[in-house]
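Engineer: This is the structure, below, for whatever I ask next.
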Amino acid sequence: MFSLYKKFKGLFYSVLFWLCILSFFSVLNEMVLNVSLPDIANHFNTTPGITNWVNTAYMLTFSIGTAVYGKLSDYINIKKLLIIGISLSCLGSLIAFIGHNHFFILIFGRLVQGVGSAAFPSLIMVVVARNITRKKQGKAFGFIGSIVALGEGLGPSIGGIIAHYIHWSYLLILPMITIVTIPFLIKVMVPGKSTKNTLDIVGIVLMSISIICFMLFTTNYNWTFLILFTIFFVIFIKHISRVSNPFINPKLGKNIPFMLGLFSGGLIFSIVAGFISMVPYMMKTIYHVNVATIGNSVIFPGTMSVIVFGYFGGFLVDRKGSLFVFILGSLSISISFLTIAFFVEFSMWLTTFMFIFVMGGLSFTKTVISKIVSSSLSEEEVASGMSLLNFTSFLSEGTGIAIVGGLLSLQLINRKLVLEFINYSSGVYSNILVAMAILIILCCLLTIIVFKRSEKQFE
């Protein structure tokens with residue numbers, strides 16, 4: 001269905017490089033606005049729960065899109081899908097930039113950005129899977145991972161500098177740089193043949209509605225949205241169990257290691273993403289620092305450390321096993337959260353230091369989750385299973401950002417609930433951090449129990 005010019009095999013790696021650039025900007029687009037959330041809240045005079053939708057909106061369509069593009073690649077050639085993705089990403093950037101003074105136009109632009117950018121990470125996996133032998137796929141995925149990690153690391157730094165010295169609205173047009181890749185992709189990538197596979201549009205719509213309802217619930221805690229989420233989610237589950245080509249394979253639900261990886265990964269990714277989105281608010285409230293300082297001095301060291309921890313985590317998994325590395329990663333995250341919670345007013349640099357270990361722990365758990373999920377799938381299930389893992393990861397991050405934004409807006413936790421010696425202005429952050437640490441520990445304990453009971457299935 002899709003191929004590169006056979007006579008010029010060397011061009012494949014050039015194509016891979018350009019696709020990595022696209023993935024870089026998709027991740028950059030996720031991280032770059034994070035440090036500016038407090039400034040955006042001041043600009044629109046909105047609560048964190050509402051403001052965080054600037055990132056949540058992007059992650060919402062981005063997560064759904066990653067799964068949809070993977071399905072579409074089965075019967076629409078990748079060249080067309082990539083061009084559509086780039087075009088939508090640039091269109092969304094333009095809409096958001098022009099309408100940045102109008103909140104709902106800004107959100108709409110971010111939704112369109114997410115739809116377009118979702119094409120890049122999902123389709124690059126398809127390109128590698130179809131054009132590189134299994135023996136060489138490790139190097140390709142390693143290269144992709146490094147580029148993505150670089151985007152995660154540079155995002156806060158670039159965002160802080162541009163927002164501080166120019167204006168946060170200019171961050172919205174950064175993805176438009178990807179338009180320069182279109183002529184190259186048109187020249188090198190040739191169209192393939194489409195198949196007669198059908199796409200489960202009803203399943204996509206039902207799942208999307210249920211996700212939107214849940215995220216709206218986390219923003220203002222209106223129980224109507226939770227009821228609607230439950231209704232649409234139940235309908236979605238019944239739907240995928242009846243159709244012949246479901247959007248999500250219901251048989252995967254019976255795979256214990258796969259579901260454990262999905263649950264544990266989703267919870268941890270959600271919590272850490274929420275923490276990252278909370279840091280700029282915390283730094284602004286307690287230390288009154290500008291966005292450039294937040295991006296370069298607080299967040300940047302931690303996000304860049306992921307590259308080192310990722311390599312070290314892979315080494316430890318081979319030597320000590322998946323469970324050991326997962327426990328180590330979970331402890332690193334939870335201890336870091338508790339340290340910041342107890343000493344949140346001590347020094348900004350303590351947060352910087354502990355942020356490194358939060359991201360290190362996240363890198364360890366990501367390595368383990370990927371191995372658990374991939375090793376639990378048969379050859380026929382790999383494509384749909386890994387696609388579902390990517391979807392869950394991105395969706396969890398968006399959900400975490402929405403939940404933390406909603407919690408920061410709640411008056412109930414804006415008081416000294418846990419640590420009496422913390423000032424009221426810092427109490428909300430300490431409360432959330434302690435709750436996050438407890439959830440991470442409970443997740444770790446659950447993983448250990450399930451892992452021990454089903455140890456043979458994890459081998």
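Cβ coordinates come from backbone N, Cα and C, glycine included.
Pasting the relevant annotations from Swiss-Prot:
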- 12-34: transmembrane segment (TRANSMEM)
- 49-68: transmembrane segment (TRANSMEM)
- 105-127: transmembrane segment (TRANSMEM)
- 140-162: transmembrane segment (TRANSMEM)
- 166-188: transmembrane segment (TRANSMEM)
- 201-218: transmembrane segment (TRANSMEM)
- 223-240: transmembrane segment (TRANSMEM)
- 261-283: transmembrane segment (TRANSMEM)
- 293-315: transmembrane segment (TRANSMEM)
- 348-370: transmembrane segment (TRANSMEM)
- 391-413: transmembrane segment (TRANSMEM)
- 428-450: transmembrane segment (TRANSMEM)
Engineer: Which one of these stretches, 12-34, 105-127, 166-188, 223-240, 391-413, has the most C-beta pairs shorter than 8 Å to the transmembrane segment (428-450)?
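Structural biologist: Against the transmembrane segment (428-450), the leading stretch is 391-413.
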Engineer: Going along the chain, which residues at least six beyond the ends of the transmembrane segment (166-188) come within the CB cut-off of under 8 Å?
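Structural biologist: For the transmembrane segment (166-188), the sequence-distant neighbours (Cβ-Cβ under 8 Å, at least 6 residues beyond its ends) are 4-5, 11, 14-15, 18, 21-22, 25-26, 28-29, 32-33, 36, 39-40, 43, 79, 82-83, 86, 89-90, 92-94, 96-97, 100, 106, 109, 113, 116-117, 158-159, 291.
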Engineer: Let me spell it out: take the transmembrane segment (261-283), skip the flanking residues so only those 6+ beyond its ends count, and list any with a Cβ under 8 Å from a Cβ in it.
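Structural biologist: Non-local partners: 34-38, 48, 52, 55, 289, 291, 293-294, 298-299, 326, 330, 333, 337, 344, 348, 351, 355, 358-359, 362, 365-366, 369, 372-373, 376, 388-389, 392-393, 395-401, 403-405, 408, 429, 432-433, 436, 439-440, 443, 446-447.
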Engineer: Under 8 Å, at least three CB pairs between the transmembrane segment (201-218) and the transmembrane segment (12-34) (pairs 6 or more apart)?
Structural biologist: no
Engineer: Look over the recorded stretches 12-34, 223-240, 391-413 and say which has the most C-beta pairs under 8 A to the transmembrane segment (49-68).
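Structural biologist: So the stretch in question is 391-413.
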Engineer: Which residues, given as numbers and ranges, are at least 6 beyond the ends of the transmembrane segment (223-240) yet have a Cβ under 8 Å from it?
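Structural biologist: Beyond its ends, the transmembrane segment (223-240) has Cβ neighbours at 200, 202-203, 206-207, 209-210, 213-214, 216-217, 246-250.
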Engineer: Quick test of the contact rule: Cβ under 8 Å, at least six residues beyond the ends. What residues does that give for the transmembrane segment (293-315)?
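Structural biologist: For the transmembrane segment (293-315), the list is 31, 34-35, 145-146, 149-150, 152-161, 163, 276, 279-280, 283-284, 325, 329, 348, 351-352, 355-356, 358-360, 362-364, 366-368.
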